[in-house]
Amino acid sequence: MEFVFYACSLIAVISTLLVIIQKNAVYSLLYLIISLLSISGIFFIFGAFFAGALEVVIYAGAIIVLFVFVIMMLNLGKKNDLQEKKYLNPIFWIGPSFLSLILFLLMTYAIFFVKDKQIYFSLIDVKEVGINLFGPYLLLVELSSLLLLSALVVVFHIGKEKK
(Lines of atoms letter the chains of each structure in order from A and count residues from 1; the text may use other names and numbers.)
(Lines give C-alpha, C1' and ligand atoms only; values in the text may rest on other atoms or scores of the structure.)
Protein backbone atom coordinates (compact mmCIF):
# COMPACT_ATOMS: atom_id res chain seq x y z
CA MET A 1 0.00 0.00 0.00
CA GLU A 2 2.99 2.29 0.47
CA PHE A 3 3.74 2.04 -3.24
CA VAL A 4 0.25 3.23 -4.12
CA PHE A 5 0.55 6.10 -1.62
CA TYR A 6 3.86 7.29 -3.02
CA ALA A 7 2.65 6.94 -6.60
CA CYS A 8 -0.53 8.95 -5.86
CA SER A 9 1.56 11.55 -4.06
CA LEU A 10 3.96 11.81 -6.99
CA ILE A 11 1.08 12.18 -9.45
CA ALA A 12 -0.48 14.86 -7.21
CA VAL A 13 2.77 16.83 -7.06
CA ILE A 14 3.46 16.53 -10.80
CA SER A 15 -0.06 17.47 -11.84
CA THR A 16 -0.15 20.39 -9.39
CA LEU A 17 3.11 21.70 -10.82
CA LEU A 18 1.64 21.36 -14.30
CA VAL A 19 -1.42 23.34 -13.16
CA ILE A 20 0.91 26.19 -12.25
CA ILE A 21 3.12 25.92 -15.34
CA GLN A 22 0.36 25.43 -17.95
CA LYS A 23 -0.48 28.56 -19.96
CA ASN A 24 -3.89 27.45 -21.21
CA ALA A 25 -6.63 27.51 -18.59
CA VAL A 26 -8.47 24.45 -19.93
CA TYR A 27 -5.40 22.23 -19.74
CA SER A 28 -4.63 23.64 -16.34
CA LEU A 29 -8.10 22.49 -15.28
CA LEU A 30 -7.40 19.00 -16.64
CA TYR A 31 -4.28 18.75 -14.53
CA LEU A 32 -6.19 20.13 -11.54
CA ILE A 33 -8.77 17.36 -11.91
CA ILE A 34 -5.98 14.77 -11.96
CA SER A 35 -4.44 16.37 -8.88
CA LEU A 36 -7.75 16.30 -7.00
CA LEU A 37 -8.39 12.69 -7.99
CA SER A 38 -4.97 11.62 -6.77
CA ILE A 39 -5.55 13.42 -3.47
CA SER A 40 -8.85 11.58 -3.11
CA GLY A 41 -6.91 8.37 -3.76
CA ILE A 42 -4.67 9.27 -0.83
CA PHE A 43 -7.78 9.75 1.31
CA PHE A 44 -8.98 6.30 0.27
CA ILE A 45 -5.61 4.77 1.14
CA PHE A 46 -5.76 6.21 4.66
CA GLY A 47 -9.25 4.83 5.15
CA ALA A 48 -11.09 8.16 4.97
CA PHE A 49 -13.57 6.93 2.38
CA PHE A 50 -16.14 9.64 3.03
CA ALA A 51 -13.54 12.41 2.68
CA GLY A 52 -12.27 10.81 -0.53
CA ALA A 53 -15.77 10.61 -1.96
CA LEU A 54 -16.47 14.23 -1.00
CA GLU A 55 -13.19 15.24 -2.65
CA VAL A 56 -14.34 13.68 -5.91
CA VAL A 57 -17.91 14.96 -5.79
CA ILE A 58 -17.38 18.47 -4.45
CA TYR A 59 -13.95 19.50 -5.68
CA ALA A 60 -13.37 17.43 -8.80
CA GLY A 61 -17.03 17.72 -9.75
CA ALA A 62 -18.74 20.91 -8.71
CA ILE A 63 -15.88 23.36 -8.38
CA ILE A 64 -14.22 22.29 -11.62
CA VAL A 65 -17.56 22.77 -13.41
CA LEU A 66 -17.67 26.28 -11.94
CA PHE A 67 -14.16 26.95 -13.28
CA VAL A 68 -15.23 25.69 -16.71
CA PHE A 69 -18.16 28.13 -16.64
CA VAL A 70 -15.74 30.95 -15.86
CA ILE A 71 -13.56 30.03 -18.82
CA MET A 72 -16.60 29.76 -21.08
CA MET A 73 -17.90 33.15 -19.98
CA LEU A 74 -14.59 34.83 -20.81
CA ASN A 75 -15.27 34.17 -24.52
CA LEU A 76 -11.87 34.91 -25.97
CA GLY A 77 -13.05 35.15 -29.60
CA LYS A 78 -11.87 33.81 -32.97
CA LYS A 79 -8.21 33.90 -32.01
CA ASN A 80 -8.99 31.44 -29.26
CA ASP A 81 -10.95 29.22 -31.67
CA LEU A 82 -7.94 28.90 -33.97
CA GLN A 83 -5.71 28.11 -31.04
CA GLU A 84 -8.14 25.44 -29.81
CA LYS A 85 -7.87 23.66 -33.16
CA LYS A 86 -4.13 23.59 -32.63
CA TYR A 87 -4.68 22.05 -29.18
CA LEU A 88 -6.35 18.99 -30.73
CA ASN A 89 -2.84 17.82 -31.50
CA PRO A 90 -2.09 14.71 -29.37
CA ILE A 91 0.94 16.35 -27.79
CA PHE A 92 -1.39 18.52 -25.70
CA TRP A 93 -3.71 15.83 -24.35
CA ILE A 94 -1.24 12.96 -24.00
CA GLY A 95 0.10 14.29 -20.65
CA PRO A 96 -3.22 14.40 -18.78
CA SER A 97 -4.26 11.10 -20.36
CA PHE A 98 -1.04 9.39 -19.27
CA LEU A 99 -1.32 10.64 -15.67
CA SER A 100 -4.98 9.60 -15.56
CA LEU A 101 -4.09 6.13 -16.84
CA ILE A 102 -1.41 5.71 -14.17
CA LEU A 103 -3.85 6.86 -11.49
CA PHE A 104 -6.52 4.47 -12.77
CA LEU A 105 -4.10 1.53 -12.78
CA LEU A 106 -2.94 2.37 -9.25
CA MET A 107 -6.47 2.52 -7.91
CA THR A 108 -7.38 -0.73 -9.66
CA TYR A 109 -4.30 -2.38 -8.16
CA ALA A 110 -5.14 -1.05 -4.69
CA ILE A 111 -8.75 -2.17 -4.84
CA PHE A 112 -8.30 -5.68 -6.19
CA PHE A 113 -4.81 -6.89 -5.31
CA VAL A 114 -3.76 -5.40 -1.97
CA LYS A 115 -5.20 -7.77 0.60
CA ASP A 116 -4.03 -6.29 3.92
CA LYS A 117 -5.83 -2.96 3.54
CA GLN A 118 -8.41 -3.73 0.93
CA ILE A 119 -11.14 -1.22 0.18
CA TYR A 120 -14.54 -2.73 0.84
CA PHE A 121 -17.54 -1.38 -0.96
CA SER A 122 -20.70 -0.58 0.91
CA LEU A 123 -23.73 1.12 -0.53
CA ILE A 124 -25.10 4.11 1.31
CA ASP A 125 -28.11 6.07 0.34
CA VAL A 126 -28.54 9.79 -0.07
CA LYS A 127 -30.23 10.11 3.30
CA GLU A 128 -27.09 8.92 5.13
CA VAL A 129 -24.93 11.38 3.21
CA GLY A 130 -27.35 14.18 4.05
CA ILE A 131 -27.40 13.23 7.73
CA ASN A 132 -23.59 13.14 7.83
CA LEU A 133 -23.25 16.46 6.02
CA PHE A 134 -26.08 18.43 7.59
CA GLY A 135 -25.66 17.00 11.08
CA PRO A 136 -22.40 18.18 12.62
CA TYR A 137 -21.24 20.10 9.54
CA LEU A 138 -24.35 22.19 8.87
CA LEU A 139 -22.61 25.54 9.32
CA LEU A 140 -19.69 24.54 7.08
CA VAL A 141 -22.00 23.32 4.32
CA GLU A 142 -24.05 26.51 4.44
CA LEU A 143 -20.94 28.73 4.42
CA SER A 144 -19.45 26.85 1.48
CA SER A 145 -22.73 27.16 -0.43
CA LEU A 146 -22.75 30.92 0.20
CA LEU A 147 -19.14 31.11 -0.96
CA LEU A 148 -19.96 29.26 -4.19
CA LEU A 149 -23.03 31.44 -4.76
CA SER A 150 -21.04 34.63 -4.28
CA ALA A 151 -18.33 33.32 -6.64
CA LEU A 152 -21.00 32.61 -9.25
CA VAL A 153 -22.42 36.13 -8.93
CA VAL A 154 -18.94 37.65 -9.27
CA VAL A 155 -18.20 35.52 -12.34
CA PHE A 156 -21.49 36.56 -13.92
CA HIS A 157 -20.76 40.22 -13.21
CA ILE A 158 -17.23 40.04 -14.63
CA GLY A 159 -18.24 38.02 -17.68
CA LYS A 160 -21.20 40.20 -18.60
CA GLU A 161 -20.65 42.20 -21.78
CA LYS A 162 -20.94 45.94 -21.51
CA LYS A 163 -23.35 47.51 -23.99
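Using N, Cα and C of the backbone, Cβ positions are placed for all residues, glycine too.
Per Swiss-Prot, the features are:
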type	residues	note
TRANSMEM	1-21	transmembrane segment
TRANSMEM	30-50	transmembrane segment
TRANSMEM	54-74	transmembrane segment
TRANSMEM	94-114	transmembrane segment
TRANSMEM	138-158	transmembrane segment
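Listed as Cβ neighbours of the transmembrane segment (1-21) (distance under 8 Å, sequence separation of 6 or more from its ends, same chain) are residues 28, 31-32, 34-35, 38-39, 41-42, 45, 95-96, 99, 102-103, 106-107, 109-110, 114, 116-117. Long-range neighbours of the transmembrane segment (138-158) within the same chain, counting only residues 6 or more positions beyond its ends whose Cβ lies under 8 Å from a Cβ of the stretch, are 62-63, 66, 69-70, 73.
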